[in-house]
Each structure stands twice: as C-alpha cells, then as structure tokens.
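Below is one structure, written out as structure tokens, with a few remarks after it.
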Amino acid sequence: MVEAKIKALRDELERHNYNYYVLSAPTISDFEFDKMMKELQELEAAHPEFADPDSPTRRVGSDLSKEFEQVVHKYPMLSLGNTYSEDEIRDFYDRTVRSLNEPFEIVAELKYDGTSISLTYEKGRLTRAVTRGDGTRGDDVTANIKTIRSVPLRLRGSDFPEEFEIRGEVLLPWAEFDRLNKEREEQEEPLFANPRNAASGTLKQQNPAIVASRKLDAYFYYLLGENLPAEGHYENLQAARAWGFKIPDVIRKCQSLQDIFDYIAYWDVERKNLPVATDGIVLKVNSLRQQRNLGFTSKSPRWAIAYKFQAERAETRLNSVSFQVGRTGTVTPVANLEPVLLAGTVVKRASLHNADIIEGLDLHIGDQVYVEKGGEIIPKIVGVNVEARSMLMGDKVRFIRVCPECGTPLVRPEGEAAHYCPNESGCPPQIKGRIEHFVTRKAMNINIGPETVEDLYNAGYVKDSADLYTLTVADLLRLERWAEKSAQNLMSSLEESKQVPFERVLFGLGIRFVGETVAKRLVSAFHSIEALEQASLEDLVAVDEIGERIAQSVLSYFSDEKNRTLVNRLKEQGLRMAVSEEQLANRSEKLKGLTIVISGTFSKHSRDEYKAMIEQHGGKNSGSVSGKTDYILAGENMGPAKLEKAAKLGVKIINEDAFLNMLE
C-alpha cells in the first residue's frame, strides 16, 4: 500500500515537472506541487526500503560531492568547425553537394551559449551526465544534472533504445542570470560576465543544493547510439521530444542554400527576444547515413558547421586603469577608454574583472583594445590590437599590491579570483560604503545620500553607522549647504529609523553575503541579534538556503569585537535587534506556499505593508506574473499587461478585502 502510494506520487510529480519545465504549461499551483513533494519526502524518510535514485525528491540537490570523477566519452565530444562568413557557409554547402552527389537536407538549429553536456540513458533511466572536458574525457556531474528540472530522470513512453547518449547544452536563462548578478552585486561578489560562465561555474559547484537553487535549464540537440528510432537527425530529435526531452521548437529543415541564409537572417535579429543566450546557428546534414559517409576531420565533423553571430565590438585606446574599492573591500579594476560608440551607446569604461584577466590580456597603457558587448551586462575588453603598438609602448598594466585608498597590502583568498583590502575599520571607501549601505531605503531608509555621507565622514562626525545617531543639529549646520529645516528633517529620519524591523537592521549591517532574503531567513530562524551572535556553524547551515559560505561570513562578522561593539551601540540607540512580540504573535502559515503579485494602488494599506503581510503569513512576493503565480492582489489602476497575462494563465485576481479575509 505504502509502496504504491510512493510510486503514484513519484509518477505524478514527474508528470507535473514535465508539464512545467518542458512544456511550460503547468496544470497545478506551486502550493499543490510542494504539498505533494513534502508528502513524498516524508514517506521516503519513513520507508527507506523504497528508496529510488530517480525520485523527484533527489532533484533538490542535498548530497555534497567532494570531487568530480573523470569519465572517458564513449563517443568523443568534438568541436564544430565555425565561421562568421556567409561565403564559408556557401563553401560548406558546395563541398557537401560534391561529396555526396545526391539530394540531402540541412537541419538548421540555434547554437545555444551555455556549457555542453552528454547524458547516458539505460533502459529509460538517466545513469550518467558528463561535461565536454577536453572532448575525450569529462567530469561526471550526474548529481548536479539531476537537479535541473527540464532533464528527465526517467523517459516517457517505451519506444526508446535500450541505451543511448543525448547531447545538449546547460543554460542559465537571462532572467535567472540577472537575478543572480543582482544578488552578487548586493553582496559585493564578482559578477558573472555572461550566462555561459554562470552556467559552467554552477555546474562545477561541489554542492548540488547550490546548483538546484540557480534554476538551470537544458536544451538537447543530438542523439548517439545503436538502434535509434530514425535515420534522420531531425526525426530522432522529434522522437526525443516525445520521450520528455526539451527539444527547441525552432529547428528547421532547409532544402536550399537560400533557406539557410533566410534562417540565419531571421534569428540574427529575433534571438534577442529569447529567454536564453545564443551565439550562432548550427547546420547539420540530416541523414545519419550521409553523416557517416562524410565522416570527420581530426577535430570536427565534415557534416556540420557553426555560423557564429558577430558580437558587437569596437576598437579604442586604453588611457588608464583605475582600481575601485567596494564596501566589503573587493578591489575591482576598471579600464578607462577613449570614448567610442558601441551598440548605440558611448562607452568610456570597461570591466577588467580581476588580476587573471589583466595578465591574460597582456595590456599596456596606450594599447588599441577591442571592446565587446555581447551577453555581458557591461562592456569588456576582449583583446589587444598588437599590430597597432608602436616602439614607444606604454607601461604594462599590473594588478596593484596595496589598497589604492589606505595602502594596506591586498589579500586574495585561496580559490577566489578577487583581491580584497582587509582593513575594514580604516579604509575610507569601505567605511563610507558601509554607511551608505546602512542608510539605503531597503535597509534603514535614512534620508541622506553618498554626498552627505562623504561630508559627514570628512568632517569627522561619522566613522561608522552608529555615529549617525549621535549627530546634532549644530553638527549639521556647520556643514556647507545645510539649513535648520534640512537638519531637523535628518533628525526626524534618524528617529523614524528606530522603528525599522529587525531583518532590515540586520541587512543594513552589511555582513558579506547577507542580502535582503538571507537576512529574512536568519531573522525568521533566530528572532534576536543575541541568538544570532551565539549561533554555531551547525545552527546556521540548518537554516533554509543558508550554506557554509554564508554561515562562515556570519560567524566571522560576530567574532570581531569591533562589530559586536557596533551592534551594541546601535542597540543602545534604540534600534530593533529582535523580532517584536507583536510580530511573533501575528506570524502564521496561512499563505504558506502561495506566490502573490501586487499591482495597482490601494486604500487600506500601502503596497509595502501588503508585501510585509504576505511574508509575515508565509507567502512569497513576486514582481511579475508567471505560471507560478497563485494570486494577483489588485488595486486601482492595475497594469493592463499584468491583467492580460493573468487572464491568459488563469491566475486568480483578488481585491484588498478578499486578501484580508484570507488572513482572518
């Protein structure tokens, strides 16, 4: 009875996974899905004799991998020959005509810009996932791949081969890339340069739980093995779609060279509207027999070629390199350029990321450099026009050894790309940066900006965030541009900030890796600053979404006596360092598992108040309507786009009264 129930839950959850992640057509809410998942987890925990490595519960990525085993590819993962030239596409087509001397079809596909993967299935079950590596051998990343919801652990139907491989691309969607970089920016971690690097780095994470949290996707494009269902590559992909694989629906058969050029021209424009990064078109001879006849060179197949889209690039002069220090001490090199037009905007600066990038480019001041804007959020230098160098070559660019602001020797933690200034208490940009972070709207919401922080710091009035609360009107009036009214306004703003809830105070402290969401998780678990200070590593990592890196950062922060003193001074000034009795009493799980979008203007409460209520009762706020949305809380003047999307997806729209009734 129990075994049958477990099997039924597994089958149903896999069906819903397929509907959501492959078909993009969910049939149940996240709440219902999570409820089923929890039931299955509890049954599996109570009955380990029915364990199954392919269970949907394994997708959450709970196992910690110590290392990746090297695996030899059964079929080498060769690179494709590539070109940026339509003339070379024409040459490829003409060579194929001459070599085959019979009719043939070309299959045109988008070239996805991620990290390549090869999956092995035996009797319909995923048994191994291996990265490209050097083409001959790669890393076994099966545990990480199993966390990707669009990868089938068991195949649908029964007409698949006994054993086969399928090749594909692991991708980080643009929306997830933006979310991840925003989170890293808030925590002053180095940003991912593009979704490809982010996907590759994620897949190599030692902890599958981190992989699961980043919402990777996977598209598949080639099958290998004995007894494939068809003699055509295109037809095999359609069969794989029926087995549960995510096969792009933009694949086309081309009967002529003009068909190919039309496909390239269309997607060179339209690819910008896709949810994932692409960097070209792949062309393959459709017939597997003809592929075998054409064969391979030592490096690539003769029956396929990749056409690469031109990246948006410009050439300009490198005038200088400056180094910026962030609030957590991260030192970032920035190239200062002769202004140049690129992708419709004038570019004056470009990212150099870290010391390894600088060394790899072998930059010299005065070099003519190539600046590119592809999938990146800011322009980057991708190369140097060495031929343009004169005999009077400028100084070689080297990463600095000491902090440009305070002169402290920089450190580079083992395994990290970034350099840091360790002088947290004496480095001006770090001090001012922490204060600027503390006063932001999402933290303490104190009505001053960077210029005022700069003035207060230079005048000697403020050396840390606690000093803000000892300011007087007389202090402010001694500064330029300050009058009685503006000084009183700041005093009022400081007083009002003492009512800011604990999670925002914790976020405002600027602990490395503790963003808004992490701060809320910690406050929900520990309720007071004292409890958080006394928490052990084991206590911290037991909190949902808190990994060892965040836990170590929290422990490091509170082990520093200066930080504990700062917290005590803020507490003495009246800031909230604990969840109030009222907040604890009002918490519930009435909205647990529900995702709610707020739209429009309201009369009974503000939007921020409604957001707080949703979180207080266990719900989740979202800024956009999707298949995961359970309700839209709608006020006056709700956006027409959200209204249209809600109608299309069948999302229920509720007003203020209906929402408040849900909380009673």
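Placed from the backbone N, Cα and C atoms, the Cβ positions cover glycine too.
Taken verbatim from Swiss-Prot:
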ACT_SITE  Lys111  active site, N6-AMP-lysine intermediate
BINDING   Asp30, Phe31, Glu32, Phe33, Asp34, Ser79, Leu80, Glu109, Arg132, Glu169, Lys284, Lys308  NAD(+) binding site
BINDING   Cys403, Cys406, Cys421, Cys427  Zn(2+) binding site
DOMAIN    586-664  domain 'BRCT'
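Projection of Swiss-Prot feature records onto the structure.
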{"residue": "Leu80", "record": "NAD(+) binding site", "CB count, 10 Å": "17"}
{"residue": "Lys111", "record": "active site, N6-AMP-lysine intermediate", "CB count, 10 Å": "21"}
{"residue": "Arg132", "record": "NAD(+) binding site", "CB count, 10 Å": "19"}
{"residue": "Lys284", "record": "NAD(+) binding site", "CB count, 10 Å": "22"}
{"residue": "Cys403", "record": "Zn(2+) binding site", "CB count, 10 Å": "24"}
{"residue": "Cys406", "record": "Zn(2+) binding site", "CB count, 10 Å": "15"}
{"residue": "Cys421", "record": "Zn(2+) binding site", "CB count, 10 Å": "26"}
{"residue": "Cys427", "record": "Zn(2+) binding site", "CB count, 10 Å": "21"}
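In three-state terms derived from DSSP, Lys284 (NAD(+) binding site) belongs to an extended strand segment. Excluding the listed site residues Cys403, Cys406, Cys421, Cys427, the same chain places Val325, Gly329, Val402, Pro404, Glu405, Gly407, Thr408, Pro422, Asn423, Gly426, Pro428, Pro429, Gln430 with Cβ atoms within 8 Å of the centre of the Zn(2+) site Cβ atoms. When the C-alpha distances from Cys421 (Zn(2+) binding site) to the recorded positions Leu80, Lys111, Arg132, Lys284 are tabulated, the minimum falls on Arg132. For the pair Leu80 (NAD(+) binding site) and Cys406 (Zn(2+) binding site), the C-alpha distance works out to 50 angstrom. The Cα of Lys284 (NAD(+) binding site) lies closest to that of Lys111, out of the recorded positions Lys111, Cys403, Cys406, Cys427. Between the CA atoms of Arg132 (NAD(+) binding site) and Cys427 (Zn(2+) binding site) there is a gap of 44 Å, rounded to the nearest whole number.
Residue pair Cys427 (Zn(2+) binding site) / the residue listed as 'active site, N6-AMP-lysine intermediate' shows a Cα separation of 46 Å. For the domain 'BRCT' (586-664), the mean pLDDT of the prediction comes to 81. The helix, strand and coil residue counts that DSSP assigns across the domain 'BRCT' (586-664) are 28 helix, 17 strand, 34 coil. Between the alpha carbons (Cα) of Cys406 (Zn(2+) binding site) and the residue listed as 'active site, N6-AMP-lysine intermediate' lies a span of roughly 47 Å. For the pair formed by Cys403 (Zn(2+) binding site) and the residue listed as 'active site, N6-AMP-lysine intermediate', distance between Cα atoms is given as 43 Å, rounded to the nearest Å.
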